[in-house]
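Engineer: Annotated active site, proton acceptor per Swiss-Prot: Lys141, His260, in sequence order, evidence recorded as sequence analysis. Annotated substrate binding site per Swiss-Prot: Asn89, Thr139, Lys143, Unk261, Ser345, in sequence order, evidence recorded as sequence analysis. Marked as Mg(2+) binding site by Swiss-Prot on the basis of sequence analysis: Lys167, Asp169, Glu170. The N6-carboxylysine annotation in Swiss-Prot covers Lys167. What Swiss-Prot lists as site 'Transition state stabilizer' is Lys300, and the listing cites sequence analysis.
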Amino acid sequence: DILAAFRVTPQPGVPPEEAGAAVAAESSTGTWTTVWTDGLTSLDRYKGRCYHIEXVPGEEDQFIAYVAYPLDLFEEGSVTNMLTSIVGNVFGFKALRALRLEDLRIPPAYVKTFQGPPHGIQVERDKLNKYGRPLLRCTIKPKLGLSAKNYGRAVYECLRGGLDFTKDDENVNSQPFMRWRDRFLFCAEAIFKSQAETGEIKGHYLNATAGTCEEMYKRAIFARELGVPIVMHDYLTGGFTANTSLAHYCRDNGLLLHIHXXMHAVIDRQKNHGMHFRVLAKALRMSGGDHIYAGTVVGKLEGERDITLGFVDLLRDDFVEKDRSRGIYFTQDWVSLPGVLAVASGGIHVXHMPALTEIFGDDSVLQFGGGTLGHPWGNAPGAVANRVALEACVQARNEGRDLAVEGNEIIREASKWSPELAAACEVWKEIRFNFKAVDTL
């Protein structure tokens, strides 16, 4: 069975048992009345069952309802069908004040019907020939308004300075000021020029998201013909069907696939209604993507440490044990499905590098947008500062130093021989985003 954990807030006067049963019925075989065609099938075989209800500590009117769904309710290899069944209709139920899907347990038999990520962590490292450290990346800013040539210039400067990747922002598609084909051409030129000068493999996440699947394929095919290593997709606004199709194309044609989670906070930000990001992360791993955003813990975007590391493990590891302290409601076995690199992004700069290296480990992508392009000396020095800070942190960690305790000292030591890093430390030394996370256990 597929198991689901729902946070249920019933209307006043509705018992939690009734609310849990209603969720199970509405998201499987039930409707609001008895129908004569019920007698033409075996409802016992197909109906969802609410098998356990528990109170939420500190919340008098909220309960966790556990629901089991028989596997035969779901089409094989279709995230679209799975989510349509489980969360498609029930969230508007009048008997509930609010409903949130906290977690899913996907059984190995169903996991095996999915291709998953086009390549996975190890294949990506082999393609890029980069091992033993997180990857570095920058989103080109301003995200909108640059011409294709100026955009390509910024890409070149960042890659030449030492970053592994640069990236289109999520809303860069094909606007009047910069059509997609022009952007692809100038970015490809920047990639190959920086590769020739540095001797390292470089990439730029070319956003293939489009208004139709046919147009999306056209852009992905052009990227492959240019010989670039990676494309990108906005998987929630683009849709799971389009995302799975693009993931299959990327595996067949040797392209890495970066996933942007634009719109996720609309779904997952509210604590008592919607869907937790760990569910979206599991769905993405099944649908297909080699990278996805996972918060930062230390930056400007939402993310509490234990919860964030919980779904980072769900993205990367083959087997994840149930751990309620990290928000993981079920043990998850991914069998042979490849892992996904977690991307840390949002309001981070060189002073955060020790914490990010310690929190996310090697199998991650650290994304410094303003933290690269905001350097007072320009884009390339900003990239140099980030690369020097990362190399210093990785070396210190490998020497057995504690990044959590000695992080500031490690960055200070490195800045003595890197004027670019020293300038970055000076300009961002006062920047803090000290807000409490909304999403807590």
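Here the Cβ of each residue, glycine as well, is placed from N, Cα and C on the backbone.
Note that the coordinates shown come from a computational prediction; the quantities given were computed from them, not determined experimentally.
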Engineer: Rounded to a whole angstrom, what is the C-alpha distance between Lys167 (Mg(2+) binding site) and Thr139 (substrate binding site)?
Structural biologist: 5
Engineer: On a C-alpha basis, identify the one among Lys141, Asp169, Glu170 that is nearest to Unk261 (substrate binding site); the candidates are the recorded positions.
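Structural biologist: Closest recorded candidate to Unk261 (substrate binding site) by Cα: Glu170.
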Engineer: May I have the list of same-chain residues other than Lys167, Asp169, Glu170 whose Cβ is within 8 Å of the Cβ centroid of the recorded Mg(2+) site, in sequence order?
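Structural biologist: Residues close to the Mg(2+) site, other than Lys167, Asp169, Glu170: Thr139, Ile140, Lys143, Asp168, Asn171, Val172, Tyr205, Asn207, Met232, His260.
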Engineer: How many whole Å apart are the CA atoms of Lys141 (active site, proton acceptor) and Ser345 (substrate binding site)?
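Structural biologist: On Cα coordinates alone, these residues lie 14 Å apart.
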Engineer: If you count the C-beta atoms lying within 10 Å of each candidate's C-beta, which of the binding-site residues Asn89, Thr139, Ser345 ends up with the smallest number?
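Structural biologist: Comparing Cβ neighbour counts within 10 Å for the binding-site residues Asn89, Thr139, Ser345 gives Asn89.
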Engineer: If you count other C-beta atoms within 10 angstroms, which of the binding-site residues Lys143, Lys167 is the most crowded?
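Structural biologist: Per the Cβ count, the most surrounded site is Lys167.
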Engineer: Could you tally the C-beta atoms, other than its own, that fall within 10 angstroms of the C-beta of His260 (active site, proton acceptor)?
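Structural biologist: Step by step: centre on the Cβ of His260 (active site, proton acceptor), count other Cβ atoms within 10 Å, giving 28.
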Engineer: For the recorded positions Lys141, Asp169, Glu170, Unk261, which Cβ has the most other Cβ atoms within 10 Å, all shown protein chains included?
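Structural biologist: Comparing the recorded positions Lys141, Asp169, Glu170, Unk261, the most crowded Cβ belongs to Unk261.
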Engineer: Reduced to three states, what secondary structure does DSSP give Ser345 (substrate binding site)?
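Structural biologist: Strand, per DSSP.
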Engineer: Please report the Cα separation of Asn89 (substrate binding site) and His260 (active site, proton acceptor) in Å, rounded to an integer.
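Structural biologist: Just about 26 Å between their Cα atoms.
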